[in-house]
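Enquirer: There's a structure below that I have some questions on.
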Amino acid sequence: MRMSATVGIGRIPVRDVQPVVEYGRRPAKAVTGETFEVTATVFREGHDAVAANVVLKDPEGRPGPWTPMRELAPGSDRWGATVTPGAPGNWTYRVEAWSDPVATWRHAARIKVPAGIDAGLVLEEGSELYRRAAAGVPKDSGRDVLLAAATALLDDTLPVATRLAAALTPQVDAVLARHPLRDLVTSSDPLPLLVERERALYGAWYEFFPRSEGTPHTPHGTFRTAARRLPAIAAMGFDVVYLPPIHPIGTTHRKGRNNTLSATGDDVGVPWAIGSPEGGHDSIHPALGTLDDFDHFVTEAARHGLEIALDFALQCSPDHPWVHKHPEWFHHRPDGTIAHAENPPKKYQDIYPIAFDADPDGLATETVRILRHWMDHGVRIFRVDNPHTKPVAFWERVIADINGTDPDVIFLAEAFTRPAMMATLAQIGFQQSYTYFTWRNTKQELTEYLEELSGEAAAYMRPNFFANTPDILHAYLQHGGRPAFEVRAVLAATLSPTWGIYSGYELCENTPLREGSEEYLDSEKYQLKPRDWTRAAREGTTIAPLVTRLNTIRREHPALHRLRNLRFHHTDNDALIAYSKRVGSDVVLVVANLDPHRTQEATISLDMPQLGLDWHDSVPVHDELTGRTYHWGRANYVRLEPGRAPAHVFHVRRPSAAAAPQNGGSGAS
């Protein structure tokens, strides 16, 4: 076997290998155990057969067993194979293509031998090929099978049809599949693959303000009082607790309730206005407690199976120590004052933005120091506030520094901005990204956006679907009431491997600051907001049971841990959306009513092969939300009524896995 160097086009052209990020200059991404497809265009001159395989090379540089590719559609020249990397680290993958002389000979022999065209010569050629192939097969892996076939091909005491048949047996096929005869092997250039821990792709997040978790006697919460909330968060099935900034808050231009410019002495300020004489980004707000209290909070979270994600907002209040120690880090106007932050139409009079170009080295060094400080106290996830308002090169440098020694640390980009910026932030190192999910509410919007996210973008960008945030209360939730909160939770939890809610979502808090605003009235950004969780549970005014069930379903179904496996199915009513995810034998099918006001019905036409089924199959589908089981085939009637059931979340079972299913489609649910 001769390996051709990849110079120019290559002897067997290997073109357009996917996934590829920025022409291979940046790695495609996966997590441990995540299966993804590698594709390439492979062809050659003339009519001789070609074949191809994928080779993964682990972080130690060891190539794994090569994975055979298949032509994705006859005559397309597009080949593909799924691969699954193991341990975290920097992998590579490449596609090898080759001329397949055995397949070429078999095609010709099946035509010529029955027709009596040079039958003896054709069989002799086949015998030579099989002997060549046998030389590359270990003795205990079927070498004798190929040698026996080669001998039979030359046995002129047998009819030519029998001699040919001896070379086409399933046993021969199996040996050649494991050890093909490969001529003119040509390899693509290796492409980089970054494999990260599972949490980079999959998890359920819960955001809350520790300062709102006080007591009747001491309204301002501490880390000690906030830790009492952790068991309930864990019981709802969340994996990550995300905290807004926990640092000292400035008093200069402090915002009052509902973003008023005149704060009273009782106003607690905005956590994102970081810094005071008590300290900056490496300090804890005195009202929250001490660093020991924070360590206790992190320990308690871990005891309940929760990771801590800490907000990292690279900005300052006018009272931050940096303002005096590092004046070069800020934009100074001609009169000597520092311009406050703006994100039109929003203004942040209590915040100074950072100027990055005067001392980029100093800023990067200080940023890394701060991040490592919190890492030393158990934080392995950072939610980065507005990274799109800082230089991309700065984040690339900082993340590379952190992940170079601590590859398990995860950075979430809170960037609601232009697509090019969001994509680039993901490509230069951010493990996760906020998305436009909040503003995608119709069937067409959701389908188009999710097909984008689960397509080529999935090679570098991992979405985090927050159903709400302290900044964003979408009109859909404002006007849709509890049914809107329910269906958006279902969508977020089943469309994206990572989803989250901000505290109060489970209580369906939906009063806006004013009509047309996406801000909350009495926003928790500006004031304490204690909630009576016990009363809500007692009176049934919480959707926490639904949230808990959704997170349980997610944990029980590996298909929901992935993004690239998302497929949509046809509905004849655009108020209903249907989609599925499949990993191995685990198949989840979701049908959701996007209209929170009215009962909707539709016929759902399933793409059965996407479910791993034949077109004529009829299988039990078990609704994981209601416990009911139905028999579904290719076309199925669905009726969903807001207030009774926001959706069906079906586990598609094999017929032997369910007992006594109800015939037909679903009734009102």
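We number each residue from 1, going along the chain as drawn.
Even glycines carry a Cβ here, placed using N, Cα and C.
Feature table excerpt (Swiss-Prot):
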type: BINDING; residues: LYS255, GLN315, ASP350, ASN386, LYS525, TYR526; note: alpha-maltose 1-phosphate binding site
type: ACT_SITE; residues: ASP385; note: active site, nucleophile
type: ACT_SITE; residues: GLU414; note: active site, proton donor
type: SITE; residues: ASP471; note: site 'Transition state stabilizer'
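Structural setting of the listed features?
Expert: Around GLN315 (alpha-maltose 1-phosphate binding site), the same-chain residues six or more apart in sequence whose CB sits under 8 Å from its CB are TRP272, ILE274, ALA341, ILE351, TYR352, PRO353, ILE354, ASP385, ASN386, listed in sequence order.
Under DSSP, ASP385 (active site, nucleophile) is assigned to a strand (E or B) in the three-state scheme.
Just so you know, the Cβ of GLU414 (active site, proton donor) picks up 22 other Cβ atoms within 10 Å once every protein chain is counted.
Long-range Cβ neighbours of ASP471 (site 'Transition state stabilizer') (same chain, at least 6 residues apart, Cβ-Cβ under 8 Å): GLU518, GLU519, LYS525.
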Enquirer: Would you say which of the recorded positions ASP350, ASP385 has the most Cβ atoms within 10 Å of its own Cβ?
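Expert: The residue with the densest Cβ neighbourhood is ASP350.
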Enquirer: Can you tell me how far the Cα of TYR526 (alpha-maltose 1-phosphate binding site) sits from the Cα of GLU414 (active site, proton donor), in Å?
Expert: 20
Enquirer: Counting every protein chain present, what is the number of Cβ atoms, excluding its own, within 10 Å of the Cβ of LYS255 (alpha-maltose 1-phosphate binding site)?
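Expert: LYS255 (alpha-maltose 1-phosphate binding site): 25 neighbouring Cβ atoms within 10 Å.
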Enquirer: Express the distance between the Cα positions of ASP350 (alpha-maltose 1-phosphate binding site) and GLU414 (active site, proton donor) as a whole number of Å.
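Expert: If we compare the Cα positions of ASP350 (alpha-maltose 1-phosphate binding site) and GLU414 (active site, proton donor), the gap is 20 Å.
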Enquirer: Provide the number of Cβ atoms within 10 Å of the Cβ of TYR526 (alpha-maltose 1-phosphate binding site), excluding the reference atom itself.
Expert: 23
Enquirer: If you draw a 10 Å sphere on the Cβ of LYS525 (alpha-maltose 1-phosphate binding site), how many other Cβ atoms land inside?
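Expert: There are 20 such Cβ atoms around LYS525 (alpha-maltose 1-phosphate binding site).
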Enquirer: Three states by DSSP: which one describes LYS255 (alpha-maltose 1-phosphate binding site)?
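Expert: LYS255 (alpha-maltose 1-phosphate binding site) sits in coil per DSSP, no helix or strand.
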Enquirer: Let me know how many other Cβ atoms fall within 10 Å of the Cβ of ASN386 (alpha-maltose 1-phosphate binding site).
Expert: 18
